[in-house]
Amino acid sequence: MASFAQWIAGARPRTLPNAVAPVIAGTGAAAWLHAAVWWKALLALLVAVGMIVGVNYANDYSDGIRGTDDDRAGPMRLVGSRVATPRAVLIAALVSLFLGSLAGLVLALVSAPWLIAVGIVCVIGAWLYTGGRKPYGYAGFGEVAVFVFFGLIAVLGTQFTQALRVDWVGLVLAVATGALSSAVLVANNLRDIPTDSQSGKITLAVRLGDARTRVLYQLLLASAGILTIVLMLATPWCAVGLLATPLALRAAEPVRARRGGPELIPVLRDTGLTMAVWSIAVAAALTLAPALAA
């Protein structure tokens, strides 16, 4: 039976920036419109965390029963390492998705009920990533889904539920956040190219190959930096987002150096840290800009 520490590891806490950063960015976008509502931001955070933990457990369950996690570097695989039963991990996934959905239902009802439909799509997308007969994560669409769900929908949804509208600042933030979120998955799948190829898991990294996947990762990081410069059109204070550049360079170093396997594990941590620092810095700039300009 898995220990508490193993369950935490199985939830893949290093992916939490993928959940937290979009909410921070979206709240910053709402603050730019003088419409931040902090209790709604907290609900959005619960939605995002519930979704990503649910996705991670569902991924563990689906990959585990297919045998694609039997020989893989990286974080704890509960089913693949046989420390937890598939049923237990499935229950953990469903509970996480339910709690995230519950928070999302409340948020939609107090903001715009039509968002319930968006939430249903998100839950279905979370499950079908590696679940079902033809999981899209096995067909090279994982990065696209991450960009949409943890970039566009998460950031713009957070902004909309607070401000009841979105603007170009929110859209730029959403694209940049989606790029960074996708970079985390690209780094993960780059590490797993050998084992994914053998097990028939055809990720985007497998389709592109090692060299082009490394280029894609660096382009995603660079695009976030370029979009930060675009945000300076709203307020020059968004330049503080570039403080995350040294972290991004550190994250990319093993990728540029063509390292592989376990040597790529720190890339996930450092990419997540880059995303967290960037989102906090830019959101703070957008929130404080009116006062700083006074």
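Every residue gets a Cβ built from N, Cα and C, even glycine.
These come from TrEMBL:
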| type | residues | note |
| --- | --- | --- |
| TRANSMEM | 37-58 | transmembrane segment |
| TRANSMEM | 79-99 | transmembrane segment |
| TRANSMEM | 105-129 | transmembrane segment |
| TRANSMEM | 136-156 | transmembrane segment |
| TRANSMEM | 168-187 | transmembrane segment |
| TRANSMEM | 219-244 | transmembrane segment |
| TRANSMEM | 275-293 | transmembrane segment |
Checklist entry - Top stretch among 37-58, 79-99, 168-187, 275-293 for CB pairs under 8 A with the transmembrane segment (105-129)? => result 37-58
Item to check | Which of 37-58, 79-99, 168-187, 275-293 contacts the transmembrane segment (136-156) most, counting Cβ pairs under 8 Å | outcome: 168-187
Checklist entry - Which one of these stretches, 37-58, 79-99, 275-293, has the most C-beta pairs shorter than 8 Å to the transmembrane segment (168-187)? => result 275-293
Item to check | Residues from the same chain, set at least six apart from the ends of the transmembrane segment (37-58), whose C-beta lies under 8 A from its own | outcome: 10-12, 15-16, 18-20, 22-23, 26-27, 30, 78, 89-90, 92-101, 103-104, 106-107, 110-111, 119, 122-123, 126-127, 129-131, 149-150, 154, 157-158, 161-162
